[in-house]
Amino acid sequence: MMCSELTNHFILISGESGAGKTEASKKILQYFAVTCPMTESLQIARDRLLLSNPVLEAFGNAKTLRNDNSSRFGKYMDIQFDYKGIPVGGHIISYLIEKSRVVYQNQGERNFHIFYQLLEGGEEELLAYLGLERDPQLYKYLSQGHCAKESSINDKNDWKTVSSAFSVIDFTEDDLENLFGILASVLHLGNVCFEENHQGCATIPDTHEIKWIAKLLGVHPSILLEALTHRKIEAKTEEVICPLTLELSVYARDAMAKAIYGRTFTWLVNKINSSLVNKDFTKKTVIGLLDIYGFEVFDKNGFEQFCINYCNEKLQQLLIERTLKAEQAEYEMEGIEWEPIQYFNNKIICDLVDERHKGIISILDEECIRPGPATDLSFLEKLEEKVGQHAHFQTRKLAGPKGRKRIGWMEFRLSHYAGEVTYCTKGFLEKNNDLLYRHLKEVLCSSKNRILKECFLVAELENRRRPPTVGTQFKNSLSSLLEILISKEPSYIRCIKPNERKEPSKFDDLLIRHQIKYLGLMEHLRVRRAGFAHRRKYEHFLQRYKSLCPDTWPHWHGPPAEGVERLIQYIGYTPEEYKLGRTKIFIRFPRTLFATEDAFEFSKHQLVARIQATYKACLERRAYVRKRHAAITLEAHWRGALARKLAKRRKWAVWTVRKFIKGFINRNKPLCPDNEEFIVFVRKNYILNLRYHVPKNVLDKSWLRPPGILENVRMTRRLLLQVTRAATGLSWCIFVPPPLARKALAKHFFARLSYEKCRSSQFVLSSQWRLMQQKVVTSELFRGKKEGYAEALNQPFANSRIDEGDINPKVLQLISSEKIQYGVPVIKYDRKGFRARERQFLLTQKAAYVVELAKIKQKIAYSALKGVSTSSLSDGILVIHVSPEDSKQKGDAVLQCEHIFEAITKLVMLVKRGNIVNVVQGSLRFCISPGKEGTIVFDTGPEEQIYKDKNGQLTVGEVEIFKYYFGFKASEFSVYVLS
Ligand SMILES: Nc1ncnc2c1ncn2[C@@H]1O[C@H](COP(=O)(O)OP(=O)(O)OP(=O)(O)O)[C@@H](O)[C@H]1O
């Protein structure tokens with residue numbers, strides 16, 4: 001409920017002394033430690049919460065007649081939880097420790113456990129340092145009850161537990177040294193003995209103990225001694241020190257021991273609190289555990305029992321108010337049909353004790369403050385006078401003859417809710433006053449013991465006001481405790497003591513019946529049975545279980561009561577299972593609630609999955625939106641950058657175009673800023689283009705004409721040089737205007753016409769040189785005479801075509817020995833025929849050319865070559881005229897060749913006669929046989945053919961049909977001799 005509704009709770013553990021309250025509270029702490037979720041870092045908080053218990057028990061618990069481990073102080077412990085239900089810290093409030101036990105114990109009782117544990121378990125060195133002996137019988141404060149050793153208590157083991165707990169809850173070596181010093185000094189104090197001198201004043205004959213106390217508390221021994229035997233009385237202006245009687249010295253000693261122990265206990269609780277404090281100040285929910293001393297009835301009951309029982313009375317009141325009374329009032333308020341159940345309300349007893357000005361505590365305070373001789377007896381008389389009429393109060397004087405016997409003269413009897421208790425007023429005033437002589441206070445304020453320094457502040461000495469009495473303090477602290485409890489949701493544990501003899505498995509019916517009766521358990525049961533097991537405000541019920549009904553999930557927009565009605569109808573509650581009040585739903589049976597809880601647990605998993613999915617989707621969506629936003633931003637920036645770049649480029653382009661246009665408009669003006677760049681551009685362009693138009697060879701006279709605006713502009717020598725180098729690849733060329741460039745090219749060309757190193761390691765004329773010679777001959781023969789010469793000039797003569805130098809003399813010899821018929825087609829080459837020949841003569845292709853050339857050469861050389869005719873047109877026909885006298889010759893040879901200039905040039909160079917070439921205008925004449933002539937007419941008719949008419953005239957069309965090749969590649973030529 002704490003986690004789900006974020007409410008604060010408390011658990012009130014009640015029962016009489018020895019019923020098991022402390023054990024129950026320890027079980028609750030252990031339960032939290034085991035069941036609550038835990039993180040490693042918070043384990044320390046948990047351990048401190050758990051281990052604070054043995055320390056507090058050692059200092060605040062003692063063996064009594066009713067309980068071997070009786071709490072002699074009240075403890076309210078807040079355990080703080082975070083929102084996950086992890087215990088993260090705590091806080092302890094202690095209530096009225098029974099200090100009188102330090103100096104006095106009843107028969108069969110012990111002092112606080114810690115003294116016995118220290119003596120039993122403490123190391124030898126520690127005891128030696130504290131000046132202690134191991135035997136508790138040696139100490140007066142430990143041996144009055146005559147049961148220092150108790151079989152059910154293992155002081156040695158408990159000491160070990162307490163020692164290890166000290167280290168967990170942040171006690172330093174220094175803290176422990178001071179703390180043990182205080183414990184030891186209390187024991188030493190108990191052993192301080194007084195003697196009465198002859199003046200009736202108290203003296204301390206043996207100062208051995210005083211020395212130890214002075215050493216342990218860090219005070220001067222003589223001052224301490226004086227403080228224990230003297231009293232400082234303050235007059236108006238001066239202080240008078242007067243000696244104490246033996247009785248008063250004993251009182252002063254015991255008061256000092258009680259004060260030291262009481263305040264040290266408070267310091268201890270504060271120290272534990274500082275180690276339990278959670279430094280994270282986020283909101284926490286708490287579960288408070290109230291474990292307070294239980295109701296006590298001894299043979300002799302004093303001021304302590306009066307306070308303890310008053311405390312129990314108040315808690316019982318709280319319980320009645322919050323359960324019996326509140327529950328029934330709630331039914332009435334909520335309009336639930338209800339038959340009231342009667343119960344005993346102990347408010348009347350509480351009022352008897354704590355009513356302002358009228359209650360026992362007020363009367364006691366009055367008696368303490370009152371000037372004049374106030375005694376315990378006078379207090380009793382005041383009680384008889386003021387509350388004598390109260391039904392729950394009785395004294396010997398007020399009681400009838402029956403009861404008189406059971407009440408002493410100094411006693412009064414209260415009828416508590418748990419039974420009658422007779423209190424002896426002896427010591428009431430003294431204990432309520434709790435007076436510590438100023439002289440002793442001063443000594444303790446000057447102590448060098450760090451704990452005492454914190455406990456006894458010098459400021460206290462300056463405060464002249466009377467501190468509130470113990471009774472009033474206790475009353476006030478109880479009322480603030482009740483305020484704390486009222487603000488929280490209650491849960492109750494009622495402990496029932498099975499027997500008075502502390503025996504296991506023994507149930508004393510009478511005792512149990514008595515407890516059940518006074519605890520009001522029967523009334524509780526009746527209310528519970530007739531009432532409802534569970535109730536909850538509509539809002540809370542709906543909020544918790546709304547997921548169980550589709551109508552109410554996820555939101556119910558109507559009034560909560562209607563929502564709850566719809567919800568329980570859907571779940572299927574039967575009418576006897578519930579009642580609807582004005583603001584709450586009441587569920588009668590626990591099983592109904594458990595079933596609803598189970599259903600809720602089941603639906604919680606599905607809800608969690610849905611919530612998780614929604615949450616994850618939300619996260620993803622958020623991430624996606626973030627990414628999209630980032631992408632859009634990025635894109636926008638990128639587009640912006642691109643647009644800016646484009647705009648810049650456009651601007652630049654516009655600027656450039658404008659400048660260009662401006663430059664163009666002003667191009668003819670003298671060089672000025674307006675046309676400067678344009679001219680640079682034109683020049684650059686011209687120069688860049690120039691490299692594609694530099695002369696290709698020495699004969700090429702073309703030169704890129706510079707634009708008009710550049711005519712007067714001189715190019716730098718360096719620039720021209722670069723252009724020419726780029727164009728010609730002549731790194732040495734010094735470029736100057738066109739004619740010189742040609743000269744440079746010519747020089748380069750002639751340089752290449754050098755000797756070359758041939759295979760036989762002889763230097764021969766290079767092919768370039770030979771080509772040059774041939775070209776010169778061609779020029780002489782055809783320049784300005786035959787069309788197509790200029791175009792053919794740039795075509796290099798191919799070395800692959802046979803010329804004179806290629807003819808191997810041996811081959812010539814071989815060929816010459818053959819008988820070759822002239823005048824008939826010697827070899828008719830077509831592709832097939834050539835291959836057949838090739839096989840026949842077993843000659844290589846090249847040899848075949850050689851054969852052919854050799855034959856022609858022979859024919860020309862030895863058969864009176866008359867001349868060579870070709871037309872001035874662009875045809876490739878040549879006529880080789882032979883001597884008509886030579887009867888062996890049948891007639892002229894008419895040949896066609898693609899490379900006519902090359903063929904004729906090589907022929908002329910072969911026969912070494914330049915004057916034999918005749919470039920004829922118009923038709924070509926040739927001799928068919930002696931006396932018989934033919935003509936080749938060049939026609940520009942539509943048909944591409946060569947044909948021979950009846951009179952033997954050969955007509956050549958625009959493009960030759962028959963390709964007769966001469967002298968070169970087999971695929972390129974054939975020889976055809978017209979018969
Ligand atoms: N549930 C229990 N089962 C068995 N023994 C128990 C149980 N609870 C308590 N005891 C025994 O009773 C003794 C007294 O218990 P506990 O100290 O808790 O009583 P108490 O109600 O706190 O008494 P007081 O009011 O004097 O402090 C324990 O030491 C233990 O021996």
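In case you wondered, yes, glycine gets a Cβ from its N, Cα and C as well.
TrEMBL lists 1-601 with the feature domain 'Myosin motor'. The ATP binding site annotation in TrEMBL covers G15, E16, S17, G18, A19, G20, K21, T22. Sequence annotations record features per position, and here TrEMBL assigns region 'Actin-binding' to 478-500. Residues or ranges marked as domain 'TH1' in TrEMBL: 786-960.
A map of TrEMBL features onto the structure.
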residue: G15; record: ATP binding site; Cβ within 10 Å: 20
residue: E16; record: ATP binding site; Cβ within 10 Å: 26
residue: S17; record: ATP binding site; Cβ within 10 Å: 22
residue: G18; record: ATP binding site; Cβ within 10 Å: 23
residue: A19; record: ATP binding site; Cβ within 10 Å: 22
residue: G20; record: ATP binding site; Cβ within 10 Å: 19
residue: K21; record: ATP binding site; Cβ within 10 Å: 26
residue: T22; record: ATP binding site; Cβ within 10 Å: 24
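Residues from the binding-site residues list (E16, G20, K21) with a C-beta closer than 6 Å to any atom of ligand 1: G20, K21. Mapped onto DSSP classes, the region 'Actin-binding' (478-500) shows 9 helix, 6 strand, 8 coil. Mean pLDDT, taken over the region 'Actin-binding' (478-500), works out to 90 on the 0 to 100 scale. Summary of the ATP site environment: with the site residues G15, E16, S17, G18, A19, G20, K21, T22 set aside, the chain residues having Cβ atoms within 8 Å of the Cβ mean position are N67, G294, C495, K497. In three-state terms derived from DSSP, E16 (ATP binding site) belongs to an extended strand segment.
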